[in-house]
């Protein structure tokens, strides 16, 4: 009896020290991978953080709306060429890219489905914040995010039906229309208030915008950290999904920019379309995945939305850093040219058109 007791103590100690051993309450455990069920702490933390993030997101979108000119916004709605290009990128390029990446890396059918779900999601609100920092067209950015979220109610089922037939029955995927509707309301209402404030009190809107842009940058980082906290458990997924999660957002940014340029959009609108294409609503993707699949299937795919969100943020920061360096170099070069021209004008004593400067030189 004592020998058995010592043996049990040894096994318990070994399991406690072994990092690959799963807890007793694990939903899935194969020795190297486990998924833990939600506990009270995780549920409480999720509710608290979701409330805080929702309030912060509403404030950020309100501040972004303060940078939207009502006339320009309505012009995009009346002449929606930029919105149409964004639509082609969002529901044309991204689902097709997801499909091709899934075929190229020959992932499991259930993993291909989660990649497709990510590719069919509408644009995320973080793109509006990054678009502001890269001097994008905020009127176009807000209108694209709003339209893609609205059109997602019809385009997501259509795209998933077309692309996932070879892997699974599209009826097995549950689309949370309430979550999509909530995202749309959370976007439209604060932005509308921001547009109204900018229309009535433009000087105050500028102050709100500066504060909101800083809060927005903090919010993007906070969402990434919170995502890491709430994805509890220790599981190992296929390295192929890590590779796809790296390539996919980079391809979205690149292809979105080039398609916008081919369509004849200006440079600042090309940057806007690029960000709107590559930055997906990863929270919506996570919701769809959790509603649609069993715990055994989640083991193979659950962390892909988090992987995508990490790399879409990293590439967005690289775009932001590259643009800031380019603008600083361009401003210096432009200043040097203007100084040289001023010296030549003063030496020749030729004052033309009362000092008028053409639009190309501004």
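In case you wondered, yes, glycine gets a Cβ from its N, Cα and C as well.
Please treat TrEMBL annotations as automatic predictions, because they have not gone through curation.
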Select from 83-105, 267-289 the stretch of residues annotated by TrEMBL as transmembrane segment.
83-105
Thinking of Cβ pairs under 8 Å, which stretch from 83-105, 112-134, 175-195, 241-260 has the most of them with the transmembrane segment (140-163)?
112-134
The recorded stretch from 175-195, 241-260, 306-326 sharing the largest number of CB pairs under 8 A with the transmembrane segment (112-134) is 306-326
